[in-house]
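Chemist: Positions annotated as signal peptide by TrEMBL: 1-28. Annotation comment: TrEMBL describes 55-235 as domain 'Mur ligase central'. Taken from TrEMBL, the feature Zn(2+) binding site applies to C212, C215, C234, C237. Among the features that TrEMBL reports, active site is placed at D366.
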Amino acid sequence: MFAKTITAITAAKTVRLFLRIFGGGATAAPGLVAERIDPTILSRLTSRLPKKVIITGTNGKTTTSRILSTILSFNGIKTIHNREGSNLTRGIVSTLIEKSNLLASSEADIGVFEVDEATLPEAVSKINPDVIVINNLFRDQLDRYGEVNKIHKRWSEVLANLPSNTTIILNSDDPSVAELGNSTKAKTLYFGIEDEKMSLLRLSHASDFISCLSCGYELKFDHIYLSHLGKYLCNNCGLKRPKPTYFAHSIKFLGSEGSVAKINTPQGRFDISAQIPGLYNLYNIIAAVTAAISLGIKVENIEKSLRDYKSAFGRAEKLEINGKSIFVFLAKNPTGFNEVIRTVFWDKERKNVFLIINDLIADGTDVSWLWDVDFELLKNKVDQVWISGLRAADMSLRLKYADIAVDSSNVNEDIEESLDQALKKLKTGETLYIFPTYTALLNLQKILRSKKVTGAFWEN
């Protein structure tokens, strides 16, 4: 059987070499080939790692896993991490094989694996993780995942069967995630936000879990931080938000440039000045901090390692091109889009916006989710708007119903042509805020690379 594993690794490394030679990313195909040859290869490769962490959730898993990997590496811990974001089992196998020799050995102390939310059951059974982090659960790609209740049921079944020596880290502010801690023998840690100033006035259209998962009664929210995340209580059965022992407070937004906050943990308190903006990214930071502490990292070392963390491409990274600035924010579902809008338009300054909407499989072929995004919040806050991507017409129609005027000449399915038009109209020193869906983000990456525009994503 081990001969089959060696054959799989050899074949995968060969595939990776050829793909890299011809300009491919080689983030998934090598793993797919390896799994075809040896279906047990993921278990075999991860069984040799002393520690394993799985991070999942609808939004934030890429950022959370990158932050945790940064903290661990800063502290001298050799880490294997699928940092390119290929989060199906084939992507994890590709990463493991890249970092392993032909005998399936690596020098890593720990594996940090971002895992697709629908892949969690398979990943847990094969990886046997020591720590599982679950950020949140929102509606995403209805054509692929179905309703969120189906994902929640799968997660609940997985966590119910975990051994007691596993640590699970749950978002206490998300009722669909926090509830998972009620049916597991594993050690459970909760993280969240404790800052009433961050509370919204009402639940958004994109809120998914507003009814009690125990009895079906409508939840009462004292504070709403984003979507259905906040401080909640069921007046019928008594289910309520678990009090987080790891939390952020005294939060201050700095717009697209980042935010500052205080972090409380049982092991100590510290201040952070995050270069990644938005409340949603503070959730990602707290999740990563909680995981790091559970792995034995000291608070003072976590504080130091967070100082220089920079976002991944498409996660609020700032780029410069011909004297103009670009901010790129991945926007792949209603909640994510709403939070990006909230973050970018926190002040009263009007912005130049470029929306890129695709409907390929990785984006979700059903774009009806655009109608659940609160684009009405952009009214009187945008200066110029450009729309591109395969579903540019749908996006244009959505803005029309939001009473946001868009010049028809600014609607073009060709992303590169539309980007060139936008940059040409911008004055030196102005900023363009780009909101692409997932495959549109990949298209944009290639276009910017061809224009010799690089940032932290390529440096890493």
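Any Cβ shown, glycine's included, is placed from N, Cα and C.
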Chemist: Near C215 (Zn(2+) binding site), which residues of its own chain have a C-beta under 8 A away, given they sit six or more steps off in sequence?
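Modeler: Residues satisfying the criterion: C234, N236, C237, L239.
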Chemist: Under 8 Å between C-beta atoms and at least six residues away from its ends: which parts of the chain pack against the signal peptide (1-28)?
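Modeler: Tertiary neighbours of the signal peptide (1-28) are 34-35, 37-38, 40-41, 44, 82, 84-86, 88, 90-91, 93-95, 97-98, 100, 102-104.
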Chemist: What other residues of the same chain, not counting C212, C215, C234, C237, have a CB atom within 8 A of the CB centroid of the Zn(2+) site?
Modeler: L213, S214, G216, Y217, L219, N235, N236, G238, L239
Chemist: Return the residue, from the listed binding-site residues C212, C234, C237, with the maximum count of other C-beta atoms within 10 angstroms of its C-beta.
Modeler: C212
Chemist: If you draw a 10 Å sphere around the Cβ of the residue listed as 'active site', how many other Cβ atoms fall inside it, taking every protein chain shown into account?
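Modeler: The Cβ of the residue listed as 'active site' has 12 Cβ neighbours within 10 Å.
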Chemist: Cα of C212 (Zn(2+) binding site) to Cα of the residue listed as 'active site': how many Å, rounded?
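Modeler: Distance between the two Cα atoms comes out at 28 Å.
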Chemist: Please report the three-state DSSP label of D366 (active site).
Modeler: coil
Chemist: Which whole number is the mean pLDDT over the domain 'Mur ligase central' (55-235)?
Modeler: 91
